[in-house]
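See structure below.
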Amino acid sequence: MRLAASIAVALPVIGAASAQGFPPPVTGVTVVKSKYDENVKITYKENDICETTEGVRSFTGHVHLPPDNDYFGVYQNYSINTFFWFFEAREDPKNAPLSIWLNGGPGSSSMIGLFQENGPCWINDDSKSTTNNSFSWNNRVNMLYIDQPNQVGFSYDELTNITYSTINDTISVADFSSGVPAQNLSTLVGTGSSQKPWATANNTVNAARSIWHFAQVWFQEFPEHKPNNNKISIWTESYGGRYGPSFASYFQEQNEKIKNHTITKEGEMHILNLDTLGVINGCIDLMFQAESYAEFPYNNTYGITAYTKEKRDAIIRDIHRPDGCFDKLAKCREAAKEGDPHFYSNNATVNAICAEANSDCDKYLMEPFQEANLGYYDIAHPLQDPFPPPFFKGFLSQSSVLSDMGSPVNFSHYSQAVGKSFHGVGDYARPDVRGFTGDIAYLLESGVKVALVYGDRDYICNWLGGEQVSLGLNYTGTEAFRKAGYADVKVNSSYVGGLVRQHGNFSFTRVFEAGHEVPGYQPETSLKIFERIMFNKDIATGELDIAQKQDYGTTGTESTFQVKNEIPPSPEPTCYLLSADGTCTPEQLNAIENGTAVVENYIIKSPAASKGNPPPTTTSSPTASPTAGSAMLKAPVAMLAISALTVLAFYL
């Protein structure tokens, strides 16, 4: 084994994105005990790890909820220690609104959004230093990044010794009573969560119940946030297409119960004044979005053809056949309505029916796309995709960073326990009580702004499906929204960043030249859209006050499909040790496993990878690469024993 001098041989790296050895002892944290419950507390630490703007404060910490409670309406017998990272606004934080940011998964850390998309800093390719992000979303808004549900990212239930395989991207519980095992590039050690699938929320609605309790504690008792503006927004991404509508509608329902005195328990009566729900490339409802998985790989604005028209037509037929995807989704939803109406996922029969529906839909929707060897999150990129750069994983591996954060656990970008728990009950196949599109309609009727924002190169939660969701809502503004045309999103005097359909508080935006993580591709465009929505301006120009003009509607074309895009150059390949399964070739994976890889700052320098083939178009043939594809897919699928759709679709 050869390691570059920049990585100490004695300090391994850990986690599905994680840390150099065990975390250092936690010191210097402030402890705030709840005035409502002696068993609840907040621990936190102020630091300048990412936000280095003079005078702008940031804090990392945990909200600790004890076991033996019925927070979810079902007995919860595990500790919940939910991690947060709070950044004050760079401009007038006392009067700035606040937005929560949640990545999806289920099981993905919100550090993905913070460091790859919209946080105050970018991580440089040395995985050690940072560069200021001038398009950070905390320019004018207080930002609260949360790792949820329990066991995601820096959140944990109980501190547990673990090993991590960089080859398979898997975490295993370890017994170190006889000593810590030898470590190398492929096998690392650290401290994580218990990895018990039952020690976390097991579905979207239970996650909503959990995050509401977190919010009750944080917004009432975190002493460093005392704003004059008490409005709260939720922005989210990917599987957040389910999180966002469910969480926001649950918050709104709880607000109503507090107002009518249905909720009277001390410490749980803080009204969370919802302002905006923003969803970026959200997978919201498979009933609305399923056909887009067949259509988008063949028919998109880049001229990329992952497969033929005949294959597309066959997929459509398969999902509509008797006892196919749509039939099984309908059966799942009917069973859930009868057997688990409040979405606790405690009915084994319902869980099995919905898990089968999820698996069947995957078979016909996802598997044909795998053969094209294209990026799930960017169809113009190869399957082994180095963008957005994964350097934050090495950054969060540093002992000094973990110490400054006050974290007792190593970082992991994805929780296997959460993935297993959600997928085992068929979460993606079923809606919540109102339905996720119904949740959006409910929020709009309640006066909450809702923005759907989609990058136009993402396959996994693509904009064609997102547009169908936007047109399928049933609320009082439905017809007016559908009649609104698409207008240019004017980012600056020389650049149009996308097209938006907007009526009043509801909008759908297609962002040009962006994959799944839109702010990582188009930071200026994303910031403009975010701030215009947050401050009640029209998305197209940012000049009109929507609060004073609630009947505002965009004018323009009925469709955006006439606006075509050029295929960008493929990114230079970068095999990154802490993202090996998604960025490295089979040859590089073998070198990591046998210890012959040359590594510098987590980047495999040798063996080097060659640039992949350009994506197939209408004038070329698909270039399938089953070997490379299997290198990406084998670990998560084998590890979770679940469908490729549920593993890959929502890693972010």
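One is the number of the first residue shown, and numbering goes on along the chain from there.
Backbone N, Cα and C define each Cβ position, glycine as well.
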Checklist entry - Can you tell which of C283, C354, C361 is bonded to C325 by a disulfide, based on Swiss-Prot? => result C361
Checklist entry - When the Cα of C332 (disulfide bond) is compared with the Cα of each of the recorded positions C50, N77, N132, N161, N492, which one is closest? => result N77
Checklist entry - What residue among the glycosylation sites N161, N202, N347, N474, N505 has the most other CB atoms lying within 10 A of its CB? => result N202
Checklist entry - Whole-number Å distance between the CA of N505 (N-linked glycosylation site) and the CA of N410 (N-linked glycosylation site)? => result 41
Next on the checklist: Cβ atoms within 10 Å, counted per site: which of N77, N132, N184, N594 has the most, among these glycosylation sites?
Outcome noted: N184
Item to check | Euclidean distance between Cα atoms of N594 (N-linked glycosylation site) and N492 (N-linked glycosylation site), Å | outcome: 51
Item to check | N77 (N-linked glycosylation site) versus recorded positions C50, N132, N161, N168, N410 - nearest by Cα | outcome: N161
Item to check | Closest of N132, N161, N202 to C354 (disulfide bond), Cα positions, glycosylation sites only | outcome: N202
Item to check | For C121 (disulfide bond): intrachain residues, at least 6 apart, with Cβ closer than 8 Å | outcome: C50, E51, T52, F115, T130, T131, N132, N133, S136
